[in-house]
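A.B. asks: First, the structure itself, so that you have it in front of you.
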């Protein structure tokens with residue numbers, strides 16, 4: 001069992017690995033499975049899935065229950081194997097029923113392919129002749145053949161929607177015929193269309209594969225390795241894909257659920273999107289390919305190879321596993337434990353131009369080159385050997401390029417002093433100074449260098465978005481950084497110099513140097529005392545500012561005079577509330593951010609910063625009109641009492657001058 005992956009598409013090969021003979025005992029099988037990984041991972045879906053000889057065609061019955069393989073080609077006339085027609089390489093045609101051999105007949109010339117036209121019960125045979133032989137199964141006799149303009153015909157197909165018959169010729173053309181009138185209705189010159197600017201053709205391309213899809217789409221494969229996708233309404237191909245191996249296309253199939261086209265030559269199977277032409281994935285079996293078949297309504301792929309052994313592959317993204325092996329869907333995780341990736345880490349990608357420069361064009365089609373996209377993969381060791389032979393000084397150039405790349409990388413890691421960001425300039429200047437100190441320090445060689453915030457993409461918004469600007473007047477900044485004014489004197493001078501240099505648009509600038517200030521270099525206890533004193537001073541200033549703000553708010557409240565407001569209710573309406581249900585529903589549909597802004601605007605919510613950098617939200621509960629009126633009445637009552645209050649100072653007790661009372 002092998003697992004390969006290309007373009008993140010996993011392909012499970014179910015036919016590779018070692019198999020155990022049936023005559024081995026169970027004990028011996030278990031012992032071998034413990035020792036050999038390939039034996040342990042093998043899943044034999046179909047026992048003895050081999051043919052007596054090499055087969056050129058493989059197909060699956062329409063009901064998906066039977067797999068058939070022959071030397072030339074065949075066609076199933078029923079959903080199962082009860083009605084099958086075989087074309088042999090000795091011009092004989094055999095009809096088989098469910099019980100076995102039924103009838104044999106012979107065509108005049110050697111046949112290469114045939115198709116069945118269901119509406120008329122006609123079999124169309126093409127081969128080493130310019131004629132297309134017709135055999136009617138209802139009458140049991142041959143009909144007049146169709147005369148083509150080609151010397152020989154290789155392949156043919158019948159459109160299942162409207163019954164159009166198409167034949168591919170050795171001259172690289174496709175002739176289309178209408179079975180109802182037995183006349184030719186179209187001609188496509190595929191050989192001319194398959195030649196592109198990048199393709200190298202040494203011989204005339206012939207048609208080697210042909211397949212209809214739907215009523216208007218047709219795929220054509222050539223003997224030089226190109227696949228052409230046509231719309232029957234146009235004589236120009238929609239897409240032209242090159243397999244890059246120069247080998248004849250053996251088979252073409254359509255995968256409708258993912259809009260894929262599957263094309264295969266003897267070396268590789270490629271799956272690509274029929275709309276964009278982008279490669280979906282590819283597969284290179286261990287043996288040369290003769291034919292490919294897609295299992296109906298599943299992700300299974302069958303191949304007939306140049307060996308009697310057939311190939312079975314499972315691609316989960318194409319569809320589920322067939323019903324008779326549905327357990328494969330549950331084994332995908334187990335099969336991925338030891339995947340065999342086809343990512344070419346030990347290979348070098350080269351184009352045709354690179355091969356010409358290296359003098360290796362004769363290796364195209366050999367095992368030394370693996371066709372991929374618009375070029376090839378070749379072994380990296382072979383590439384270096386040939387490169388060294390062609391250019392002996394290539395290693396010295398490579399070494400110089402590597403040294404140049406290392407120097408550019410170290411330059412990119414340095415802090416660029418040419419331009420400061422628009423936001424948080426002082427913070428950026430502080431980070432620059434810290435980076436310079438690290439570079440000048442002696443422990444730089446011992447400690448691994450960390451990435452700088454200025455060059456890190458994760459923090460670039462902090463120096464671009466004004467919302468991240470540091471507010472030096474906030475309470476948190478003043479309490480956490482009490483000595484910022486003393487510590488940043490030198491930095492502010494540098495910042496002014498940078499701003500002047502930016503105005504003059506100088507390309508290079510030198511950083512002003514000077515002696516470090518006492519606040520930066522001193523580490524004595526005097527700094528701690530000064531820091532404590534500065535914190536206390538800042539706290540006193542903050543308290544005074546808060547007291548002044550409270551007095552201003554109280555003064556504004558006293559000056560505010562509430563005036564009564566009157567509202568008119570229309571006749572026939574009943575008073576319920578000043579805010580009806582529609583307004584409330586509209587408010588509930590708003591986001592939390594919009595509601596918080598509205599509450600802050602109305603005065604029922606206040607947001608303030610705390611000393612530790614967090615946010616504090618204060619909500620004021622809404623009061624009813626009755627509560628507001630009562631508070632207003634109490635306020636007016638207190639003011640009236642203040643105006644009517646009389647002093648009681650004259651009632652103070654005086655010393656008694658008469659005799660005391662006994």
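Placed from the backbone N, Cα and C atoms, the Cβ positions cover glycine too.
Computed from a predicted structure; not experimentally measured.
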A.B. asks: Of the ranges 502-530, 531-559, 560-588, 589-617, which one does TrEMBL flag as region 'Disordered'?
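C.D. replies: The range carrying the region 'Disordered' annotation in TrEMBL is 502-530.
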A.B. asks: Region 'Disordered' per TrEMBL: which of the ranges 453-494, 621-662 is that?
C.D. replies: 621-662
A.B. asks: Could you give the mean pLDDT over the domain 'Nucleolar protein 10-like second' (343-391), rounded to a whole number?
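C.D. replies: When the pLDDT values over the domain 'Nucleolar protein 10-like second' (343-391) are averaged, the result is 80.
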A.B. asks: Using DSSP, break the domain 'NUC153' (456-482) down into helix, strand and coil residues and give each count.
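C.D. replies: Helix, strand and coil residues of the domain 'NUC153' (456-482) number 16 helix, 0 strand, 11 coil.
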A.B. asks: With DSSP helix as H/G/I and strand as E/B, how many residues of the domain 'Nucleolar protein 10-like second' (343-391) fall in helix, strand and coil?
C.D. replies: 21 helix, 13 strand, 15 coil
